[in-house]
Each structure stands twice: as structure tokens, then as C-alpha cells.
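**Student:** My questions will all concern the structure given below.
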Amino acid sequence: MATMNLPTGLHVAAKPASLDRLSSAKNVGDLFFSDSRHRKRVNTSNQIMAVQSLEHIHGVNNNVYANYVNFNVPSSGYSLGQESVYLNSPRKTKIVCTIGPSTSSREMIWKLAEAGMNVARLNMSHGDHASHQRTIDLVKEYNAQFEDKVIAIMLDTKGPEVISGDVPKPILLKEGQEFNFSIKRGVSTEDTVSVNYDDFINDVEAGDILLVDGGMMSLAVKSKTSDIVKCEVIDGGELKSRRHLNVRGKSATLPSITEKDWDDIKFGVNNQVDFYAVSFVKDAKVVHELKDYLKSCNADIHVIVKIESADSIPNLHSIISASDGAMVARGDLGAELPIEEVPLLQEDIIRRCQSMQKPVIVATNMLESMIDHPTPTRAEVSDISIAVREGADAVMLSGETAHGKYPLKAVKVMHIVALRTESSLQKSTSSPSQSAAYKSHMGEMFAFHSSSMANTLSTPIIVFTRTGSMAIILSHNRPSSTVFAFTNNERVKQRLALYHGVVPIYMEFSSDAEETFSRAIKLLLSKSLVKDGQYVTLVQSGAQPIWRRHSTHHIQVRKVQS
């Protein structure tokens with residue numbers, strides 16, 4: 001059993017006569033108290049805990065207020081240690097939402113942000129520049145209206161997709177049926193449809209397995225001519241217009257960045273988006289090419305590589321090293337590789353990103369059923385929880401928010417599952433990257449000890465950063481508490497919205513250290529992010545001195561005083 005504490009302000013409805021026994025307690029918010037004859041119990045978000053003692057109980061207007069509640073948590077074989085649980089603790093795992101017809105209005109973007117969206121994704125496979133421009137303008141309007149909140153913008157390139165042609169009506173494919181793909185444009189008959197890629201003929205061989213629409217249908221390649229690939233249907237279904245085609249175990253020989261992608265990238269530069277998510281990256285050369293272009297444009301945009309092709313797997317280390325982060329795009333990854341490999345690759349990619357201090361996003365099918373249904377499957381809930389437990393910086397919604405019927409419910413489900421999972425994770429007084437910290441530069445060593453101190457003392461971390469680098473290093477040390485990152489750079493504030501456990505806040509820095517710290521604390525108090533009398537760990541990186549002319553690293557533990 002581990003002892004935990006709830007903070008001042010815990011409210012339970014009950015009659016004053018029941019102060020000694022909470023037998024008359026009722027459900028209020030997410031907290032429910034009940035009573036047994038010998039032992040009181042507390043249920044927090046369906047977690048049963050045994051109450052040890054209640055301090056400072058008093059009744060006001062027939063309500064009970066508990067300033068402090070001590071209770072035991074069933075530890076399932078491990079000790080959680082002494083900690084303080086704050087009811088308004090921010091969620092650490094970030095949420096990426098794809099904006100589409102269901103969510104492109106001003107009202108919906110505001111509601112998504114309030115429900116928990118941290119990053120707005122623009123899927124360049126759909127829509128045009130005019131529609132995406134409206135979304136960008138609305139997100140920027142939101143950011144300007146709420147200074148203490150931020151939504152980052154991610155532009156996701158279409159990439160080199162092999163797509164079937166248009167059909168006047170869906171073609172029903174049946175098991176055992178012969179069906180053909182032609183490189184001639186405009187072909188559409190009951191047994192043949194065109195593809196948009198001339199080298200498709202050269203990319204496939206007899207014996208290959210073609211997957212249609214992410215694996216919804218599959219066909220075996222039997223033979224080919226100069227312009228037709230002849231197949232036999234293995235798993236049938238309805239073939240509609242413009243369906244994505246994959247060859248299991250192979251990637252198309254198309255370039256990772258197409259002409260359309262370059263047009264979209266230029267559009268992103270002009271609109272100062274925060275991230276590019278680059279589709280079907282096969283090697284680090286593509287990343288270097290894009291970064292060189294961005295440097296020539298003086299564009300401060302970070303590059304997220306989407307790991308979704310078979311060719312990318314042997315080059316994972318170099319691809320992630322060259323990038324600013326990665327996305328586990330499980331849809332095409334599961335189409336090009338055996339499906340049973342996807343969970344293992346997800347874990348491997350997350351682990352690699354953590355070791356390289358790069359953010360990682362887990363994407364595809366996370367709440368797919370909520371496109372049409374108001375509640376998720378239990379497997380989907382488990383999927384989110386696993387991604388959080390494995391250490392993903394962010395989880396992503398695609399069709400759920402782009403064109404789904406219940407976009408807000410999907411975000412709320414993702415928010416509460418991530419928050420609940422985070423609350424169950426074992427708290428540690430050490431950093432997961434201790435060995436790496438001692439092998440690298442001073443900044444990493446400094447962040448490691450800052451995180452360890454904050455974990456030991458159960459304090460939030462306040463970091464002042466110009467470039468965001470110290471906040472990022474702190475994030476990858478995975479401190480148990482929140483990292484409040486104050487920066488005087490709006491672009492840095494936007495970018496930090498993606499990082500695990502980081503709450504970015506814009507603030508002009510003063511030459512007076514005490515004045516800057518005082519203003520930061522005042523802002524956090526006003527938002528109830530810290531409370532009076534609480535201790536905080538204050539961090540300033542010597543690599544980017546804020547108050548001193550010379551480089552100085554320092555860590556302070558201070559008591560919050562309003």
C-alpha cells in the first residue's frame with residue numbers, strides 16, 4: 001500500500017451530522033466517497049482506495065470540505081511512494097487533432113482546444129490551400145486571444161502514394177476472382193482499374209501481395225505485361241475510387257517529397273507553421289534536403305518524419321537522428337509489413353526517440369470506431385493507454401476529428417484515458433536517462449539532476465528558456481511533475497506544445513531575476529497551476545543565460561508566496 005494525499009479544496013456533498021462518517025456522501029464531479037462499517041473508501045475515477053484519515057473537516061451549507069485526505073492505494077506489487085495528487089494536474093501526453101469538414105469552423109476549433117487539442121494537423125492529402133489557410137488563420141486567432149494557451153500547427157504532406165483510379169460505382173471484388181491494374185489512365189471496367197503510377201509495373205513481381213485501402217482488401221500478383229498487373233483476389237470487398245495501394249514488404253520507388261509536397265511545403269513556409277510531418281521517409285537524405293531548403297528560406301519549422309514504409313526500417317537510426325521528431329504512422333506501416341510487427345516497431349521507435357531526445361507521436365486508428373459511434377471500443381482505450389505507458393509524447397486523431405460524427409467526444413476520451421493512465425504510472429525519484437546524462441554535455445547532466453530533485457521533492461519545474469532546448473531535455477527526462485516553460489519567443493512557445501509534460505508560456509524576461517520569477521509565479525497562481533505555500537524547482541540553463549551575461553547553470557527550490 002502507498003500513501004497519497006489530496007490537496008486543499010476537496011469537496012464532498014454530505015450533511016454536517018455525517019462528518020465523522022461519510023455515509024451520506026454523494027457523487028460530486030469525479031470524486032465519490034462512501035462508507036462501510038469499519039472502513040471508509042474513496043473512488044477517484046473508478047479507482048478504489050482506502051481512506052486512512054481526514055483532516056480539517058468542516059461543514060458549510062450542508063457540504064463537507066476536506067482540506068487534506070490521507071489514503072492508501074492498492075499498489076499491485078510496487079510502491080508508489082509519498083506524493084501529492086493535484087486535481088487540476090495538467091495532462092502530460094499531448095493530443096494531435098486532424099482538422100477537416102467536421103471541425104474546420106471557428107466554433108469547433110475553439111471547442112477542440114478546450115477539450116484538449118494541443119496540435120492542429122493539416123492533412124494535405126485532402127482539401128486545398130484555401131481551406132487550410134482558413135484553419136491556420138483560426139488557430140492563430142485562438143492563440144492570439146488566449147495568451148496562456150497555445151495550439152501548434154502541423155502540416156502533413158501527402159507523400160508518394162500509389163492510388164487506384166476513379167470508378168463510376170464501387171466494384172465488388174470476390175475471393176478467387178481475377179482482377180487487373182493498368183498503368184493506362186482512365187481505365188475502369190468490372191475487372192480492371194487504372195493506377196496513377198507508371199513504374200507500378202516495375203515495382204511488383206509475381207507472388208507479391210497487393211493491399212488495397214490499408215489492407216481492407218488483398219490480391220495476389222499472378223503475372224504482368226507491359227502495362228497490366230494481373231491479380232487474384234484473396235480478401236474481397238468494395239473497391240471505390242482513389243484507394244491507396246501497397247505492396248507488402250516493399251515501398252514504391254517514388255521520391256519521398258513530390259512536386260505537390262514542395263508546393264505544400266512552400267505554403268507552410270509562407271504561413272509559418274510549426275511542424276512538417278513528412279510522409280514515407282525512406283532515408284535521412286530526404287530530411288537533410290528539406291532542412292537545407294528551410295534554412296535557405298530562414299524558416300524555423302521542425303521536421304517530423306513519418307515512419308510508414310518498409311524501406312525506412314533499416315534506416316531508423318539515421319532518419320530519426322536527422323529529424324526533429326517522429327510519427328509512428330501505423331496504417332501504411334501495417335500494410336507494408338506483417339501486422340504483428342507493428343506493436344513491436346511502435347515500442348522500438350518510441351524508445352529510440354526517447355534516447356535521442358526527439359518527440360514521438362503515435363498515430364492511426366486510435367479511436368477509429370468513434371468516427372461513427374459515440375463510444376470507443378475497449379481495445380481502442382487500451383491502445384491509447386499503451387502508447388502513454390510506452391512514453392509517447394503525443395497521440396493523434398485522424399478521421400475521428402476530420403470527418404467523424406463525434407470529434408469532441410473523441411478528444412475527451414483521449415484526454416481522460418491519457419490522464420488516467422498517467423496517474424497510474426509508477427513515480428520515480430530518478431531519471432530514466434541517467435546513464436545517457438553522464439555521457440553527454442552539461443545541459444543534459446543539469447536537466448537530469450533538476451528532474452531528480454523535482455521528483456524527490458514532488459515539485460513542479462519552472463524553466464526559463466529562449467530556445468526551448470532546456471525544456472525539451474527536461475521533458476525527455478520525464479519528471480513526475482509538470483514542466484512550466486517560460487519563453488520570450490513565440491515560435492518556441494508554439495513548438496513546445498508538442499512535448500510531453502511541458503506547459504509553454506510566453507513572457508518577456510526582465511534583467512531583474514527576482515522580478516521575472518515573481519511574474520512567472522503570479523501568472524501560475526492566477527491560473528491555479530500552483531498554490532500558495534507549495535514548493536517549486538526553478539531551473540535556468542547556462543547555455544542560454546537569461547539574467548546574467550556569462551553562462552551559469554543553477555537550480556533553486558523555492559516556496560510559492562502570493
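Cβ atoms are placed via backbone N, Cα and C, with glycine included.
These came from Swiss-Prot, pasted as-is:
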{"type": "BINDING", "residues": "Arg121, Gly331, Asp332, Thr364", "note": "substrate binding site"}
{"type": "BINDING", "residues": "Asn123, Met124, Ser125, His126", "note": "ATP binding site"}
{"type": "BINDING", "residues": "Asn123, Ser125, Asp156, Thr157", "note": "K(+) binding site"}
{"type": "BINDING", "residues": "Glu308, Asp332", "note": "Mg(2+) binding site"}
{"type": "SITE", "residues": "Lys306", "note": "site 'Transition state stabilizer'"}
**Student:** Taking Arg121, His126, Lys306 as the recorded positions to compare, which has the smallest set of other Cβ atoms within 10 Å?
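**Tutor:** Sparsest of the recorded positions Arg121, His126, Lys306 by Cβ contacts within 10 Å: His126.
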**Student:** Near Glu308 (Mg(2+) binding site), which binding-site residues out of Thr157, Gly331, Asp332 have their CA within 10 Å?
**Tutor:** Gly331, Asp332
**Student:** Inside 8 A of the center formed by the CB atoms of Asn123, Ser125, Asp156, Thr157, which other residues of the chain have their CB, for the recorded K(+) site?
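**Tutor:** Counting only non-site residues, the set is Arg121, Leu122, Met124, His126, Leu155, Lys158, Gly159, Asp264, Ala277, Ser279.
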**Student:** When you rank Met124, Ser125, His126 by Cα distance to Asp332 (substrate binding site), which of the binding-site residues ends up on top as the closest?
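**Tutor:** Comparing Cα positions, the closest of these binding-site residues turns out to be Ser125.
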**Student:** Sort the recorded positions Arg121, Asn123, Lys306, Thr364 by C-alpha distance from Thr157 (K(+) binding site) and give me just the closest.
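**Tutor:** With Cα distances computed to Thr157 (K(+) binding site), the winner among Arg121, Asn123, Lys306, Thr364 is Asn123.
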**Student:** Taking Cα atoms as reference points, which of the recorded positions Asp156, Lys306, Gly331, Thr364 is nearest to Asn123 (ATP binding site)?
**Tutor:** Asp156
**Student:** May I ask which of the recorded positions Asp156, Lys306, Thr364 is closest to Ser125 (ATP binding site) if we compare their C-alpha atoms?
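**Tutor:** Comparing Cα positions, the candidate nearest Ser125 (ATP binding site) turns out to be Asp156.
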**Student:** Using Cβ atoms only, which residues of the same chain lie under 8 Å from Gly331 (substrate binding site) while being at least 6 residues apart in sequence?
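**Tutor:** Counting only residues 6 or more apart in sequence, the Cβ neighbours of Gly331 (substrate binding site) under 8 Å are Gly214, Glu308, Ala363, Thr364, Asn365.
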**Student:** In angstrom units, rounded to an integer, how far apart are the Cα atoms of Arg121 (substrate binding site) and Asp156 (K(+) binding site)?
**Tutor:** 7
**Student:** Taking the Cα atoms as reference points, how far is Lys306 (site 'Transition state stabilizer') from Asp156 (K(+) binding site) in Å?
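**Tutor:** Cα to Cα, Lys306 (site 'Transition state stabilizer') and Asp156 (K(+) binding site) are separated by 9 Å.
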**Student:** Rank the binding-site residues Asn123, Ser125, Thr157, Thr364 by the number of other Cβ atoms within 10 Å of each Cβ, and give the residue at the low end.
**Tutor:** Ser125
**Student:** To see if you understand the setup: which same-chain residues, six or more apart in sequence, place their Cβ under 8 Å from that of Asp156 (K(+) binding site)?
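**Tutor:** Same-chain residues close to Asp156 (K(+) binding site) (Cβ under 8 Å, separated by 6 or more) are Thr98, Arg121, Leu122, Asn123, Met124, Ser125, Tyr276, Ala277, Ser279, Lys306.
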**Student:** In which DSSP state, out of helix, strand and coil, do we find Asn123 (ATP binding site)?
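**Tutor:** Looking at the DSSP assignment, Asn123 (ATP binding site) belongs to a strand.
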